[in-house]
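Participant: The structure under discussion is supplied below as structure tokens; questions concerning it will follow.
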């Protein structure tokens with residue numbers, strides 16, 4: 001009996017490893033193949049390019065085209081549904097859920113359309129029961145509509161308006177930006193990505209409610225965070241939870257030595273950066289966050305906890321997060337460093353702001369600050385969500401913006 005159990009466990013482990021390698025192999029091929037080909041071309045097939053040109057191309061993610069290979073098109077949402085598939089396999093292996101015997105229920109979990117394209121990432125153990133048994137009453141359906149309308153408003157009214165400002169600034173010659181405009185662009189993008197992504201999550205959660213699914217929250221006012229560690233407890237919660245459950249804890253989490261814990265944190269955030277895309281900017285973004293979290297854990301976190309003026313902690317955290325969103329937004333590391341340098345050495349020219357700001361832009365920035373909870377910590381967003389009249393007004397205004405606006409896809413579609 002014992003030999004049989006050992007054989008079965010070994011077979012299950014081999015099966016787990018095989019499926020994980022297959023899933024990650026597919027993800028690697030579609031998402032990172034072009035990136036690695038560009039690296040290989042610059043290192044080994046640079047031709048007449050100078051070392052400086054190769055270095056520039058390497059950190060810009062641009063290949064030489066020497067291998068003449070076709071560009072691989074990235075399937076929409078591949079990072080999200082790959083992680084969901086891995087969640088199912090790992091949960092089954094750990095005996096946290098039973099094997100799903102129905103192909104159709106499994107397919108429903110992997111391809112559940114409300115959150116398929118841009119999350120939130122749903123753990124199989126959190127939704128397995130809802131795949132087979134769920135009910136939708138009038139209350140749940142109405143709550144779903146309200147949540148959907150609120151998310152649509154965040155995306156269309158606030159995020160898209162801020163995007164028009166940020167995109168215009170980033171489209172200019174960033175090496176010539178003055179500091180005031182550079183800061184405007186970075187702050188607009190910082191709020192744009194929050195309202196864009198959290199708006200999609202709200203819409204996905206709302207649609208899920210209409211069909212009887214109860215998806216977990218993906219954001220909790222991240223710009224109210226008083227430390228980088230708290231920021232990651234509030235930002236993209238489903239991704240943070242996935243890496244915590246399937247990478248950080250299996251590596252030992254924080255139950256080991258300080259050195260090992262710091263190594264685990266570094267690995268998790270390196271993988272977080274890689275997950276976001278095949279670009280040195282994402283990798284750098286993840287690595288810097290990993291270093292900052294280690295720094296907080298070892299020393300600086302204690303200083304933040306003892307600081308009686310918590311608003312200063314919040315400002316400092318927002319400042320750091322804002323700078324790192326510049327790295328995230330940039331097309332290359334060189335562009336990121338150039339942009340950040342202009343934020344501190346570009347000179348102050350207040351009048352230049354009016355080149356990019358409109359009345360609606362100012363309103364959008366004010367609304368973004370207020371509804372992010374950065375200024376009013378006790379603002380009741382739930383009260384706004386629960387008011388049907390306000391939700392219908394948001395829906396109407398959103399439709400007007402859609403009619404008069406241009407196509408502006410969700411940022412996280414690219415992941």
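Cβ from N, Cα, C; glycine included.
Below, the features straight out of TrEMBL:
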TRANSMEM  12-29  transmembrane segment
TRANSMEM  102-124  transmembrane segment
TRANSMEM  265-295  transmembrane segment
TRANSMEM  315-341  transmembrane segment
TRANSMEM  353-375  transmembrane segment
TRANSMEM  387-407  transmembrane segment
Participant: Sort out the residues at least 6 away from either end of the transmembrane segment (353-375), same chain, that have Cβ-Cβ distances under 8 Å to it, and list them.
Facilitator: 154, 157-158, 161-162, 164-165, 168-169, 180-181, 184-185, 187-188, 191, 194-195, 221, 223-224, 314, 318, 381
Participant: By Cβ distance under 8 Å, which residues at least 6 away from the ends of the transmembrane segment (12-29) in the same chain are close to it?
Facilitator: 72, 78-79, 82, 85-86, 89-90, 93
Participant: With Cβ-Cβ distances below 8 Å as the criterion, list the same-chain residues six or more beyond the ends of the transmembrane segment (265-295) that contact it, or say none.
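Facilitator: Contacts of the transmembrane segment (265-295) (Cβ under 8 Å, skipping residues fewer than 6 from its ends): 31-32, 34-36, 59, 61, 79, 83, 228-229, 232, 239, 243-244, 247-248, 251, 320, 324, 327-328, 330-333, 336, 414-415.
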Participant: When you scan the chain for residues with a C-beta under 8 Å from the transmembrane segment (387-407), skipping those not six or more beyond its ends, what do you find?
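Facilitator: Same-chain contacts beyond the flanks: 142, 145-146, 149-150, 152-153, 155-157, 160-161.
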